[in-house]
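Per TrEMBL, these features apply:
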- 8-184: domain 'Formyl transferase N-terminal' (DOMAIN)
- Gly14, Ser15, Asn16: N(1)-(5-phospho-beta-D-ribosyl)glycinamide binding site (BINDING)
- Arg67, Met92, Arg93, Ile94, Leu95, Asn109: (6R)-10-formyltetrahydrofolate binding site (BINDING)
- His111: active site, proton donor (ACT_SITE)
- Asp147: site 'Raises pKa of active site His' (SITE)
Amino acid sequence: MNRAVLGVLVSGRGSNLQAILDAIQAERLRAKIGVVISDTPGALALKRVAGFDIATTVIERKKFADRRSFEQAIAAELQLHHVELVVLAGFMRILSSEFIGHFPGRIMNIHPALLPAFPGLDAQAQAVRYGVKVSGCTVHFVDEGVDTGPIILQEAVPVLDGDDEHSLAERILHVEHKLYPRAIGLFCEGRLRTEGRRVIITEKR
Ligand code: GAR
């Protein structure tokens, strides 16, 4: 089986990128990172792949006249590297339907809450403020909405009485690092079938 080519979009720390990289290195994930694209120069995420044979590119929004040309530059870079699955790993921008149309059913995101609860920014702080006893993380396909696409995997994490947004974020992040490589692996094995809003995980062939 060939390795699916991933294009990873990042904005910052890149701990999920690291988890994906580790899973590939350990042969737990049969995939290949074709390119890492950051919208932020100097992002720690970029340093994580230094020393590997992985292309990296910085594409900054402010270097482009409008969002459309910015996104076109990202799409062109992904296509140049023959990316089959676009992986948003702490990429803090909303993508337009035009961009999504370039990669139908082939863009994944991880969100630090149990969607549809607490979409958008600062999901962990939203959860603490609301007072939920359980939160978690969600891997989903990206559609035109904000964190609204079909859900692939979710895992719950307890919210403890003493939690603030930071302690909760850390507990959730630990689970994200297992869940994201697993979801990507299911895609790479051709085991995800989307029926309307539902993503069916098919048996291993
Ligand atoms: C992760 O917690 C991820 O779920 C979240 O940003 C963090 C990125 O961390 N993403 C979002 O909130 C997207 N709406 P990382 O850069 O260390 O992977």
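Using N, Cα and C of the backbone, Cβ positions are placed for all residues, glycine too.
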Within the chain of Ser15 (N(1)-(5-phospho-beta-D-ribosyl)glycinamide binding site), which residues six or more apart in sequence place their C-beta under 8 angstroms from its C-beta? Gly90, Leu173, Glu176, His177
With every protein chain in view, what's the tally of Cβ atoms within 10 Å of the Cβ of Met92 ((6R)-10-formyltetrahydrofolate binding site), excluding that atom itself? 12
Using the CB centroid of Gly14, Ser15, Asn16 as the N(1)-(5-phospho-beta-D-ribosyl)glycinamide site centre, which other residues of the same chain sit with their CB within 8 A? Val10, Arg13, Leu17, Gln18, Ala19, Ala45, Arg48, Ala89, Gly90, His177
Within 10 Å of His111 (active site, proton donor) (Cα to Cα), which of the recorded positions Asn16, Arg67, Met92, Arg93, Ile94, Asp147 do you find? Asp147
Taking every residue in the domain 'Formyl transferase N-terminal' (8-184), the average pLDDT works out to 97
Keeping only the recorded positions of Gly14, Asn16, Asp147 whose C-alpha lies within 10 A of that of Ile94 ((6R)-10-formyltetrahydrofolate binding site) yields Asp147
Binding-site residues near Gly14 (N(1)-(5-phospho-beta-D-ribosyl)glycinamide binding site): from Arg67, Met92, Arg93, Asn109, Cα within 10 Å gives none
Of all the binding-site residues given, namely Arg93, Leu95, Asn109, which is spatially nearest to Asn16 (N(1)-(5-phospho-beta-D-ribosyl)glycinamide binding site) at the Cα level? Asn109
Including all protein chains shown, what's the count of other C-beta atoms within 10 A of the C-beta of Asp147 (site 'Raises pKa of active site His')? 20
Give the subset of the binding-site residues Gly14, Arg67, Arg93, Ile94, Leu95 lying near ligand 1, defined as CB under 6 A from any of its atoms. Gly14
May I ask for the distance between Met92 ((6R)-10-formyltetrahydrofolate binding site) and Asp147 (site 'Raises pKa of active site His'), taken between their Cα atoms and rounded to an integer number of Å? 12
Neighbour count, 10 Å Cβ-Cβ cut-off, for Asn109 ((6R)-10-formyltetrahydrofolate binding site): what number do you get? 23
